[in-house]
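Data block below; observations after.
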Amino acid sequence: MGILVDGVWHDVWYDTKGTKGHFKRAASQFRNWVTADGSPGPTGTGGFKAEAGRYHLYVSLACPWAHRTLIFRKLKKLEDLISVSIVDPLMLENGWELNGKDGGTSDHLFGAKALWEIYVKADPHYSGRVTVPVLWDKQTGTIVSNESAEIIRMFNTAFDGLTGSKADFYPADLRGEIDALNERIYDTVNNGVYKAGFATTQEAYAENALRVFETLDMLDDRLATQRYLLGDRLTEADWRLFTTLVRFDAVYVGHFKCNIRRIADYANLSAYLGDLYQIAGIAETVDIEHIKKHYYGSHKTINPTGIVPAGPKLDFDRPHGRERLAKAA
Ligand SMILES: N[C@@H](CCC(=O)N[C@@H](CS)C(=O)NCC(=O)O)C(=O)O
């Protein structure tokens, strides 16, 4: 774990001294958009036209943010258009590495051994964290974006003319509601588990852990009467929640001490998790052993021995019975 300062790698852990023990996630810095015609997106500069074979994703199978992009690559039929390199599960003194170990691959583009080398190729003076996912442009040799929330929005529409995909996970009439729900779920669940897990004071931990469960309780109620978060349509909000739920019982309960309840204890959330997991192609994007190895093995301040727990037993393939909530067509 470390950061780049003016293009030079430094091995340092998150500093929570200035924030009363609270973990603060830094904003992503590469914010361009791939669009159908190469026109600029909501942020950044233009010139990134959707083309087959032009873009490459760097992901970790462990990372919930990177996982979103793999799910959208799958659901939007982009696997033949966008290639992928997978970092090794452990993130230690060199940050994310590409040694082709334990389910990771090599760097298919440059043979780089560490992800920070890719950031330096994009910007020799880059200062900041070196995070996954990264969407790389082979044509101009730079990073288009390292913000998963925006990469999935690009994937949702930009390549439709090439793939013929009509699935829309951010439909115009639901955007306001999706954005509002995303905001709460991001703050208290997706990032909330990290804020609890990386807290270095009792107060910071307690406050953030409680908020995780306030939101999970609310979501479990919401899912009692509707199949998905926004009703009978599956949207981006569901996939953003999914990547945290699928890691929750295996990692966040133990490693991040989010242990007031398990997802398995929530009747609706656990069935909903199975429902999403069983959608064609999704199970292939989930690697629980890789996920456990990353978290328990990489965060030595939380788990100094690096021992990976044997359990829990998970069964995302159980019949979920949620079809009964879908409206009759
Ligand atoms: N806002 C970013 C966050 C990405 C992120 O923080 N990824 C983590 C892995 S789960 C990472 O690469 N951390 C490395 C670090 O912070 O040094 C996104 O959603 O794309």
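Even glycines carry a Cβ here, placed using N, Cα and C.
The glutathione site recorded in TrEMBL includes ARG129, VAL130, THR131, VAL132, GLU147, SER148, and the single candidate from TRP96, TRP239 that the record places there is TRP96. Residue counts for the domain 'GST C-terminal' (171-295) under DSSP, helix first, then strand, then coil, are 88 helix, 2 strand, 35 coil.
Among the recorded positions VAL132, TYR194, TYR252, TYR295, the residues whose Cβ sits under 6 Å from any atom of ligand 1 are VAL132. Note on proximity: of the recorded positions CYS63, TYR194, TYR295, the one nearest THR131 (glutathione binding site) is CYS63, by Cα distance. The CA atom of TRP96 (glutathione binding site) is located 18 Å away from the CA atom of TYR194 (active site, proton donor/acceptor).
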